[in-house]
Amino acid sequence: SSKREWKPLEDRSCTDIPWLLLFILFCIGMGFICGFSIATGAAARLVSGYDSYGNICGQKNTKLEAIPNSGMDHTQRKYVFFLDPCNLDLINRKIKSVALCVAACPRQELKTLSDVQKFAEINGSALCSYNLKPSEYTTSPKSSVLCPKLPVPASAPIPFFHRCAPVNISCYAKFAEALITFVSDNSVLHRLISGVMTSKEIILGLCLLSLVLSMILMVIIRYISRVLVWILTILVILGSLGGTGVLWWLYAKQRRSPKETVTPEQLQIAEDNLRALLIYAISATVFTVILFLIMLVMRKRVALTIALFHVAGKVFIHLPLLVFQPFWTFFALVLFWVYWIMTLLFLGTTGSPVQNEQGFVEFKISGPLQYMWWYHVVGLIWISEFILACQQMTVAGAVVTYYFTRDKRNLPFTPILASVNRLIRYHLGTVAKGSFIITLVKIPRMILMYIHSQLKGKENACARCVLKSCICCLWCLEKCLNYLNQNAYTATAINSTNFCTSAKDAFVILVENALRVATINTVGDFMLFLGKVLIVCSTGLAGIMLLNYQQDYTVWVLPLIIVCLFAFLVAHCFLSIYEMVVDVLFLCFAIDTKYNDGSPGREFYMDKVLMEFVENSRKAMKEAGKGGVADARELKPMIK
């Protein structure tokens, strides 16, 4: 052949350096915001808390000009107490209540002013305004205004933040009522919140079960990939039929249960549960029918997925640390989100003291610095996408190293760590550029979603249609760019080219292999979706059985929804790694067949199993009449 021999993984150079410098400068700006909020005293106000007169609890304070009750010595008063803690203003994101610094939080409910007075005398913690002495609590006509709203709920200090928070769930139910504006019957919401709080141990146990099931499924994928597809198919069929049958059985059982001896409140709860069971049963039936139809249409392509899962399973056997990749990414995201939230809280208390209409003190930032939180929000999106992109580049680099290493005995000791090393040394700029492109699409979509939520019920039909169309188009664009970015990172890991060049090369490869992409990705993704369905159904079925025999809760609709959502998120995090490996393997194969033809000096890098899979794929596509050009030459795999 006259073509020059193509060798991947040889040329290594730093890519997209300007974008790396831009990202570093942006992170420095994020650090400046955090430092500014701490330097202006926000950290002390956030951690120790402050009262409505600008005094920080637990320390001596400086007198503020024209502010009464400011400059007080609160050395012995270390906790913030709200006179009406459940009076929330969600629009301005604050509690509409007078805040005082107190020596102790009331651990028991105080029903009368006499109880408040007795609490102050015994504990030395005055719960009324500073202008009112404890001896005047029961005699002063101003007590109704200057003292807390009765009854005073039992409260406990929030760890590390010195705020007295009510321990009774009724306050949280009122908070949820303010958030969920579409609920017309507040009693329903109270029962929902009560169901969550009462069955919280079951919810935590089921969430842990979903995590264990996801880990078990990943181990199964590694060792029994050949039979996994059939196992998943059978289990999903049995699980969907069993879950649907159990739901209809529970519905029929509760419908026949006697209702003469129950109280009206218990009857209402039973009717809510019966209605929820009927909705669940109908939804499960429709889902099962749709699932069977899809599996019937795709039954002839199951053999292709078996071969594909076998190849991906070999990758996990050689690269076992891939299984733990979601943990590191989640840990990095949690650390960043904690930092971001803490900085946001600092920003919420920074600024200069300003007296509002009620005569109380608020801290506000004036001038250009008041727009720092916009910068902070952009940082949340960009850096989160950057962390996710680092995971994609790390996985791509490890799988590429595995694929293009002819002798698997010469693999690095830890290909994952070797991939991380290459990412840090050469490709952080590429990851920064790719994540910034996603940010540019995500921010307008979020702005449009915010506008749509604010104008809900006010805009005309045409405006509503235009907004939803724009949101949908941006969402589709974001998904396409995410897929292209992932393949661009794979191309970068192979050839060490910059982001734009890698994206162009990956796009050309995907277009040239459009039928293969459609066949492999559709069937593979569907089988991984069945794995997610299996985990969600198993967790949901366990939740139904446990919650059905739990007698202390009220309505268990919300607990079951929480558990199923968490199970799906956990399953998605783990199985998305497997999906990522499949996509990287396919792009490696496509590039391999483009630059190599099996002749001496240009042997293929792929192993025999992957070659058999491709040949079977071509035959299947030809038999289905969907194309697939057969290669006349014999494809020779690498020599092991």
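Start at 1 and count along the chain as shown; that gives each residue its number.
Placed from the backbone N, Cα and C atoms, the Cβ positions cover glycine too.
Copied over from TrEMBL:
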- 20-44: transmembrane segment (TRANSMEM)
- 202-221: transmembrane segment (TRANSMEM)
- 228-251: transmembrane segment (TRANSMEM)
- 277-297: transmembrane segment (TRANSMEM)
- 302-321: transmembrane segment (TRANSMEM)
- 327-347: transmembrane segment (TRANSMEM)
- 373-404: transmembrane segment (TRANSMEM)
- 526-547: transmembrane segment (TRANSMEM)
- 553-575: transmembrane segment (TRANSMEM)
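Between the transmembrane segment (202-221) and the transmembrane segment (327-347), fewer than three CB pairs separated by 6 or more residues in sequence fall under 8 Å, so the two stretches do not touch. The transmembrane segment (277-297) is in contact with the transmembrane segment (228-251), judged by 3+ CB-CB distances under 8 Å for residue pairs 6 or more apart in sequence. The listed stretches are 20-44, 327-347, 373-404, 526-547; of these, 526-547 has the most Cβ pairs under 8 Å to the transmembrane segment (228-251). Long-range contacts of the transmembrane segment (327-347) within the same chain: residues 30, 33-34, 37-38, 42-43, 46, 365, 372-373, 376, 379-380, 383-384, 387-388, 390-391, 573, each at least 6 residues beyond the stretch ends and with a Cβ under 8 Å from a Cβ of the stretch.
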